[in-house]
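What follows is a set of notes on a single structure, which appears directly below.
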């Protein structure tokens, strides 16, 4: 359960910067439609948990180090290539939208010219991009709980003492707030496509952190539920406060300033850092992907992309959100549709069967290692057979699960097992010596996705 909780929080941390930092997206996508915007946001309570659950399960099944391995295996090569390019395009668009958002943040709170905040963020991206990004983003991720607390304060204040009633807010919002989308249901699907598209690649990699596909799926489900639940609460809060925040570039910041200026100041700093976290993640991921075959070109690509993004960031933040995000949302709907379709058609059965197989392998390895248990010849044959029929390489699967079992046994106070005295390789050698011929190991009923090896690390 601890792993499920950590996966859920990790996912929420990866989307909170782009999805909730400004509130401008929620204003245009949901608040503009009044009460129907709340209905639209509620669609996410079904779609987000399902999509992220599937993405994390696929990540666990493939043990994927990138989204390329998953999409090249579940879809045709042209479709996989389209998704790859779409994710790169999404990352690029997020770069200049986030630079613009950084400028809008400092302008709204302290009156600085928008280019100042954008330029500062561009410089920070270049500095951090040349360093160990992982360490920096992990530190920035630690502020996510504080941002969540601030957002909950804004929601609580709007609920306890709403500036206007729901019907009055609905009438004002529909009359004054413009949306780039024609209907509330189109806006809901488009926004969810945008938000989930931006986080799918990261969700896949997060899922690969565990061999237990059920665990990964539950983490994704609860992470998606946390995201969509917070989305609904914020949409309601923005609607109730719409008369005060409808013309602000960063409505959530305006809501917190209404509670107390000190809260607004703290929120401005935290939100700026969250926007930066989203910016550096997208700049770094895009530059690394484009320089995959020529790593020495990473810095030139990073510098060029920062310069281009800085120029594009001069377009007002609200305008960028209204133009760029709908395009990304429509692309995201295609990607979400692909994930759900392949999972319902084949993926659910394949992943479930492999999950049961890995559970059997772990139980057999426990029997092999635990001195209290008996490991028979029949167990040896079954372990060899199950490992052979897994979609993962035998060495990786055996060693990962064995490491988990060894840690479990070593942590038990009443166990006679001692990790420092145990020689795992000796057991593997004995097991390998008893392997029957490969054709005798193959299970004709075992079904897997066809992995294109050249695409694994795309």
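Just so you know, glycine gets a Cβ as well, placed from its N, Cα and C.
TrEMBL has this to say about the protein:
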- 1-18: signal peptide (SIGNAL)
- 33-61: transmembrane segment (TRANSMEM)
- 82-103: transmembrane segment (TRANSMEM)
- 115-133: transmembrane segment (TRANSMEM)
- 140-160: transmembrane segment (TRANSMEM)
- 183-208: transmembrane segment (TRANSMEM)
- 220-242: transmembrane segment (TRANSMEM)
- 262-286: transmembrane segment (TRANSMEM)
- 298-317: transmembrane segment (TRANSMEM)
- 323-344: transmembrane segment (TRANSMEM)
- 435-458: region 'Disordered' (REGION)
Contact yes or no, the transmembrane segment (220-242) and the transmembrane segment (33-61), 3+ Cβ pairs under 8 Å, gap 6+: yes
Highest-contact recorded stretch vs the transmembrane segment (33-61), from 82-103, 140-160, 183-208, 262-286, 323-344, CB pairs under 8 Å: 183-208
Long-range Cβ neighbours of the transmembrane segment (115-133) (under 8 Å; 6 or more residues past either end): 98-100, 102-107, 272, 275-276, 279-281, 283-284, 287, 299, 302-303, 306, 309-310, 313-314
Folded-back contacts onto the transmembrane segment (262-286), same chain, C-beta under 8 angstroms, at least six residues removed: 14, 16-18, 21-22, 88, 91-92, 94-95, 98-99, 101-102, 105-106, 108-110, 117, 121, 124-125, 128-129, 133, 136-137, 140-141, 143-144, 146-147, 150, 153, 201-202, 250, 252-253, 256, 302, 305-306, 309
Residues from the same chain, set at least six apart from the ends of the transmembrane segment (183-208), whose C-beta lies under 8 A from its own: 7, 10-11, 14-15, 18-19, 25-26, 29-30, 32-33, 36-37, 39-41, 43-44, 47-48, 51-52, 55-60, 62-67, 70, 86-87, 90, 94, 216, 219-220, 223, 227, 281, 285, 325-326, 328-336, 339
